[in-house]
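Only one structure is covered here, and it is reproduced in the block below.
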Amino acid sequence: MDAEEAKAKLLAVQKELGHEIRVFTNTTASEKPDDVSASATEEPDDFYDFTPEDYYQIMSEKIGAQSQVLKTRKIREAEAAVRRARITKAVIRVRFPDNYVLEVKFQPAEKIQSLMDLLTKVVARPDLPFYIYTTPPKERIKDTSKDFYSAGFAPGAIVYFSYDRPKDSDYDNAVAKEGPYLRDDILSLNGLDLSAEQVDPVHPEQEPKPKPPEVASPLPDPKPAAKKPTKPKWLKL
């Protein structure tokens, strides 16, 4: 698939879903708690001493907390409105068990339910119930009526996908474990990103050379006008 065909395919899928998306694989292996070595080096005794820096940090945090209490409700609401106005998008990354990641751009005011609706369109088995959760700790997202900003998902967040599969269903359980989790045409978009396109650089010889600034030639100093000789009044010829 050439670049133009890939671009057209990605644009078609984005038009179908109504959002900008990107698919890529998560190559960084997450470290499990069991992999952490138990023979961690112990800190020296003076590590736990209370230093002047610790005192100043605690006092600054205490003063900052008191200043927040003293602020009126209107001031706090105004500051919150300013912070919210600065956030113009919510980039949500959905990680699947097979290490694929689906990145979707939403508006901060959109509901989490819009993400659930989009996932229903792109997963390979929309007939199976699923849910999303955050970690750590693992917390299932149940209230999908919240907007992304109120849920703390703006300007960006990472959530995890899982089928809500019953334990007594062997077939569905196996499919949900092995995958694939995304549709084949969605998986074919792996690595495509329209925002990564770069404009061809301009060669140095093609760049117009800047003209040197024109320096105005200094004007010659005006010579004083020659005075006509005059006769003194007392001189009589």
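The backbone N, Cα and C atoms fix where each Cβ goes, glycine too.
TrEMBL has this to say about the protein:
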REGION    25-46  region 'Disordered'
DOMAIN    85-161  domain 'UBX'
REGION    194-237  region 'Disordered'
COMPBIAS  200-212  compositional bias 'Basic and acidic residues'
COMPBIAS  213-223  compositional bias 'Pro residues'
COMPBIAS  225-237  compositional bias 'Basic residues'
Taken over the domain 'UBX' (85-161), the predicted model's pLDDT averages 94
Across the domain 'UBX' (85-161), DSSP labelling yields 13 helix, 29 strand, 35 coil
